[in-house]
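Enquirer: OK, TrEMBL features for this one:
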type     : residues : note
TRANSMEM : 57-81    : transmembrane segment
TRANSMEM : 88-108   : transmembrane segment
TRANSMEM : 114-138  : transmembrane segment
TRANSMEM : 159-179  : transmembrane segment
TRANSMEM : 191-214  : transmembrane segment
TRANSMEM : 266-287  : transmembrane segment
TRANSMEM : 621-641  : transmembrane segment
TRANSMEM : 696-716  : transmembrane segment
TRANSMEM : 728-750  : transmembrane segment
Amino acid sequence: MSRASRSAATVGIQLGPRGNALETSNAIRARLTELSRTLPPGVAVEIPFDGAHFVKIAIHEVLLTLVEAVMLVFCVMWLFLRDLRYTLVPTVVIPVALMGAFVAMWAFGLSINVFTMFGLVLAIGILVGDAIVVVESVHRVMEEGVAPRDATRRAMKRIGGAIVGVTAVLTAVFVPMAFFPGSVGGIYRQFAVAMIASMLVSSFMALSLTPALCANLLKPVARHDGGTGRARRRGIGARLADRFGAAFARAESGYRRIAVFAVRRTGMVVAVYAALVIGCGLLYWLMPGGFLPTEDQGQLQVMIQLPAGATQARTLAVVERVEAILRAEPAIANVTSVIGWSFAGSGQNVGMAFVELKDWAQRDVDAMALRDRLNGRFGAILDGDVEAALPPSVRGIGHSDGFTFRLEDRGGVGLDVLKAARAQLAVRAKADPRLSAVHFEDLPDAPRIELDVDRAKAYALGVPFERIAGLLGGTFGSNYINDFPASGRMRRVIIEADPAARATDTALMALTVPNRTGDMVPLSAIAAPHWTIGPVMLNRYNGYPSLDISGRAATGTSSGAAMAEMERLAGALPAGIGYDWVDAAREEQTAARQTPLLVALSVLAVFMALAALYESWTIPLSVLTIVPLGMVGAIAAALVRDMPNDVYFKVGMITVIGLSAKNAILIVQYAQDLVGHGLPVRQAVVDAAAARFRPIVMTSMAFLLGVVPLVLATGAGAESRRSIGTGAFGGVLAATVFGLVFAPVAFRVVASVGRRGRRVAMTRRDARQTETVGE
């Protein structure tokens, strides 16, 4: 091994199943600092490869995103409410809800990691939603001249049911995620716990602390102040807020006219709705698949493989050329090289280089672009295959980015036929523009010596076969003999042959083996050597002999599209040869198959929660009709930014389902109450939509600005943040714009159908009663 062109020796440390990456890294660093004091002069300890560094930087970036989201949410609330007292009331909910989420994470054994922090950032805009609805409703009652305490009581009677319904929906929509199996389920579970806990706490606050704050902190609204509760100010911020308030008042008036038009033109609106739903299905079908975004983790891995039989000296020369190319890159901080080992296996013809990049702020190129640039330069090395790759998105799932495709001998066709099929498939895959870096993960067939033992001669000379095997094992491997005490410690005694005694076939045949009487018999007297070529290692998968092909999607192609192309190419494999995906590709395939089930269970959970809460089919059906509209926006936003349907997008999409239903609940539940008070359905739904326009826009704007830092993320972990933020932003934007138009129509249609169904049922019942009386 070498590091920075100096000789080195390494120790690899793997994180345990329940270990914490940051705590383990800190403990190891502290221990190494302590041990380094006892090292001899000229020897130093360095850590060339630490996966916790990226985790630490990524969490720091997410924390900054969290702070930015809170500030943006505060600004949007101030812009709408135009009073610091009104703005502080919902803001108080955020730290309390986050504290509740941390307590729940601790109770469920979850750590503060990238996934849970993503969930909290996504939840920031949701947490203040209930409190905003309470404050806005109280303010609306106070504008009628009611004192704050009485206004709070009246407002809570109006919206208490809606808040409970919204909480039930937003909680239920994430419940299926918490019980999903596999590694993807582990990611989902951390999101779900963080979001459910924070939303339950925020809902409790909206029903308890927020009304108390409104009753005691808000001031009565003066008739002359435009509804702000204070005298008009002349500052720039005040003038900006007043202009925004006037513009929003015009928007409210315009929306009422739109709602009236939509309710009157139900047939046209339903046709547009149907077109959007069909478009949602088509767009989802067009979305490329993916598992997790390829991240710049500040590290690269370079795999080096020479032809079979290459000597260590020849491999060292190639490694030195690779190191020279790497050192010429200004974005690279350090290089640690290994000779004789790689992810493909061990041997004199393989090596690896672990590349540590400079901090993200100190370089102008990301790891993906640097990888491609290095691979172009490595192409000039003709003595071997050199390929730079990124670490896997999730440690422990594979050893590099890309896919691994295993061919299996399911029909007993033999290793030679399996190798030929793999070679043909690799040729077609390398020629495909949607695939790149196609290579074999195992070592090539290597020269070897096979010994043909003459058992008759060995028996005649009194040499048992197991002694021949023991001789060869001890000569070309090593044997543990015993322990002995030295310097206060127990040391192992291990014997191995001198390198010169095992360097040639002549030296091999000069070995002697003891027979039963203790005489030494030359190996050449009982065995004959011959050279051959064969596999270094035989692999099995699912019980079958197997060989693998690895690669990755070409630039501009999603991993899902690359996997589909590999499966298409594999359709020409000979009979008896099957295939399967492993590592990240297998997880991606599993997640893709489970997505329809996840969406269906989430929608079903929302429906059951609403049906149980309101004991009616009208509200659940009216609410669920809005869900596809939010999904249209999420899918369209991801397609515009050329993002795949990966795990993070699915989390954002499930969030959109809940938020789409939340906006619809605010309208539909109020419309149902107005209908119960005797208003006609058309007037009730228009009045409900106009009354709920302001809180819906406020809560949606709070969420949208809360996820803006995710949409525009840069630095460590940016790809993941952009993936989850883009889908959520586009989905909530579409659910707000379309939902405000379609929710009133949906309620009217569902209510009309329900009323017609009840009339038909009553007519049939009356007819049966008439027949009974006649008899």
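Backbone N, Cα and C define each Cβ position, glycine as well.
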Enquirer: Give residue numbers and ranges for long-range contacts of the transmembrane segment (696-716): same chain, 6 or more residues beyond its ends, CB-CB under 8 A.
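Expert: For the transmembrane segment (696-716), the sequence-distant neighbours (Cβ-Cβ under 8 Å, at least 6 residues beyond its ends) are 54, 57-58, 60-61, 64-65, 68-70, 72-73, 75-77, 80, 121-122, 124-126, 128-129, 132-133, 136, 248, 295-298, 360-361, 659, 662-663, 666-667, 722, 724-726, 728-729, 732-733, 735-736, 739-740.
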Enquirer: Going through 57-81, 159-179, 191-214, 266-287, 728-750 one by one, which has the most CB pairs that fall under 8 Å from the transmembrane segment (114-138)?
Expert: 191-214
Enquirer: Which sequence-distant residues neighbour the transmembrane segment (728-750)? Criterion: at least 6 residues beyond either end, Cβ under 8 Å.
Expert: 122, 255, 258-259, 262-263, 266, 269-270, 273, 276, 617-618, 621-622, 625-626, 629-638, 640, 652-653, 655-656, 659-660, 663-664, 667-668, 671-672, 681-682, 685-686, 688-689, 693, 696-697, 700, 703-704, 707-708, 710-711
